[in-house]
Amino acid sequence: MHILVVGVDYKSAPIEIREKISFQPDELAEAMLRLKGEKSVLENIIVSTCNRTEIYAVVDQLHTGRYYIKTFLSEWFSLPKEELSPFLKFYESDAAIEHLFRVACGLDSMVIGETQILGQVRSSFKTAQAEKTIGTIFNELFKQAVTVGKRTHAETDIGANAVSVSYAAVELAKKIFGSLSNKHILILGAGKMGELAAENLHGQGIGKVTVINRTFLKAKALADRFSGEARSLNQLEHALAEADILISSTGASDFVVSKEMMERAGRQRKGRPLFMVDIAVPRDLDPALNDLEGVFLYDIDDLEGIVEANLQERRETAEKVELFIEAAIVEFKQWLNTLGVVPVISALREKALSIQSDTMQSIERKLPHLTVREKKLLSKHTKSIINQMLRDPILKAKELAAEADSEEKLKLFMQIFDIEEEAGRQLDKSLDNRQTVHSFQKAEAKTGLRPLVSE
């Protein structure tokens, strides 16, 4: 089994490509379920944001995994493979593990240290758990990714003076206008990005805020938080005639503001310039708006320069975060190595349970007068003896599994306890990694042999 990441991000693909390969939040569950049915894919999680769309997968073979995931993306987005392939990035095995941890910590973001991506990774993780598209390996990997991401923000100041794409949009507006105190800001979209834009604008002493959203109640809720005005979407053209700055992030599939709409609104502006920032993927604002006199349009890729100016301190802090990531990688790989020992431990327990069962049957034949209570008591104590006797061998097996030549050492371990045949049967049962630990824990519960050490 191998861990594989396939996708595009802001470094590998321009926005024109990223917006073609972007999953809407309500598509993720269906997409993960469909990908689960692809050949070679054992587990999968999809993370899709404005700056990246990445498929994380456990595959049985790397080359077939790459092929079927690429095929899935091509078919889902109706894009020929030859158009898609030049922009795809691939991470395999250790590099894939490191990449996920860097993403969760915000080190791979356009804005180093931003916190949004951790929430998006966690959200995709929860969706995958709910849809059962992941199993043993990704449950542990993504749990550790979320943990190291949270540790990053708790133990460093990498998120201080918060910077995000929406914050960068505000910074760009300030550079162009100087002060925002007398400016009318129009926020199009009341989702997370719109909310962040409003929060970043709130401390700038802005003159007026108008929020427009497809759902008026959401627009009103956001506007009320910042003493602004809410309007419905059918009032957009009128609002464009009044605003000085537009920050747009609706998540719509088509352009929300067209060149024709802006031309009509522009007749009422009397030559006043309009600064527009499109932080949505796919884009909300027609790129042709840049052709209009007095309109200054920037999209998410244009914000990279603004973002860069705020990041030097975060880069220095990132060196400390790299140490967190290195430790997390070591911890996960140690855990991953122990997966191979699960069938061995199961076989050892099965053999011990068989001996205990045979012993109990022999006792009951020789002592037929035993009461039900006495039989239960004997069974409990014989299992207790087994647990105590197995403790050290199981700990040793786990230590062996973490060593470089673990395969040979575990083979010798199985020979010593004469459990090779049973371990082979246990391994056959657990070839689908999504069932390995679950089956092991289920067997423990059934037999009454308690876990001796935490998994």
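Just so it is clear, glycine is given a Cβ too, placed from its N, Cα and C backbone atoms.
For reference, Swiss-Prot has these:
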- Cys50: active site, nucleophile (ACT_SITE)
- Thr49, Cys50, Asn51, Arg52, Ser109, Glu114, Thr115, Gln116, Gln120: substrate binding site (BINDING)
- Gly189, Ala190, Gly191, Lys192, Met193, Gly194: NADP(+) binding site (BINDING)
- His99: site 'Important for activity' (SITE)
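Shown in sequence order, Ile187, Glu195, Leu196, Ala197, Asn213, Leu222, Ser249, Thr250, Gly251 are the same-chain residues outside Gly189, Ala190, Gly191, Lys192, Met193, Gly194 whose Cβ sits within 8 Å of the Cβ centre of the NADP(+) site. Long-range neighbours of Ala190 (NADP(+) binding site) (same chain, six or more residues apart, CB within less than 8 Å of its CB): Val211, Asn213, Thr215, Lys218, Ala219, Ala221, Leu222. Report note: the substrate site is defined by Thr49, Cys50, Asn51, Arg52, Ser109, Glu114, Thr115, Gln116, Gln120, and the residues of the same chain whose CB lies within 8 Å of the CB centroid of those residues, excluding them, are Gly106, Met110, Ile117, Val165. Nearest neighbour of Asn51 (substrate binding site) by Cα distance, taken over the binding-site residues Gly189, Met193, Gly194: Met193. A 10 Å cutoff on Cβ-Cβ distances gives Thr115 (substrate binding site) a total of 18 other Cβ atoms nearby, all chains included.
The closest partner of Gln120 (substrate binding site) among the recorded positions, by CA position, is Cys50; the full candidate set was Cys50, Gly189, Gly191, Gly194. Within 10 Å of the C-beta of Gly194 (NADP(+) binding site) we count 26 further C-beta atoms, all protein chains included. For the recorded positions His99, Lys192, the greatest number of Cβ atoms within 10 Å around a candidate Cβ is found at His99. Straight-line distance linking the Cα atoms of Ser109 (substrate binding site) and Met193 (NADP(+) binding site), rounded to a whole number, equals 15 Å. Within 10 Å of the C-beta atom of Gln120 (substrate binding site) sit 19 other C-beta atoms, taking all shown protein chains into account. For the binding-site residues listed here (Thr49, Ser109), the lowest count of other CB atoms within 10 A around the CB belongs to Thr49.
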